[in-house]
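K.L.:
Okay, so TrEMBL annotates it like this:
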- 2-78: domain 'GST N-terminal' (DOMAIN)
- 84-156: domain 'GST C-terminal' (DOMAIN)
């Protein structure tokens, strides 16, 4: 069977983003555990997850790129991929905002969840939490004015 294959472990936020997208779009797919304890993702030169191999053999990696690709290819009649470039850009803005938020989230998560209490860098956690508070406030300000970050309808 020639279907989309997603490479990545289920506890990866980036993989979860792609899984949510294929679920919303109803794309038949398989998922293969890869990354961390499951081994390096050889579909991505950086070794990160997720990556996909589409039914035609095309390899795509980086979660935001994958979501955009899947929406462009399979999202035709859905609100996930607006036909209006301006509406699509609104979704893109907030999709890429993760590049500002993720490093702080990683600092907090790894220190508080994955690190023994005696080894935690609580100064780094406090600095990251302060920055996250500022960023989440900006996001909340947007959501005070509209239903979704990307506009008035649910989109990527």
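The backbone N, Cα and C atoms fix where each Cβ goes, glycine too.
Any TrEMBL annotation is an automated prediction that lacks curation.
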K.L.:
Mean pLDDT over the domain 'GST N-terminal' (2-78): what is the value?
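P.N.:
Mean pLDDT for the domain 'GST N-terminal' (2-78): 92.
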K.L.:
With DSSP as the reference, give the number of residues of the domain 'GST C-terminal' (84-156) in helix, strand and coil.
P.N.:
52 helix, 2 strand, 19 coil
K.L.:
Which numbers of helix, strand and coil residues does DSSP report for the domain 'GST N-terminal' (2-78)?
P.N.:
28 helix, 14 strand, 35 coil
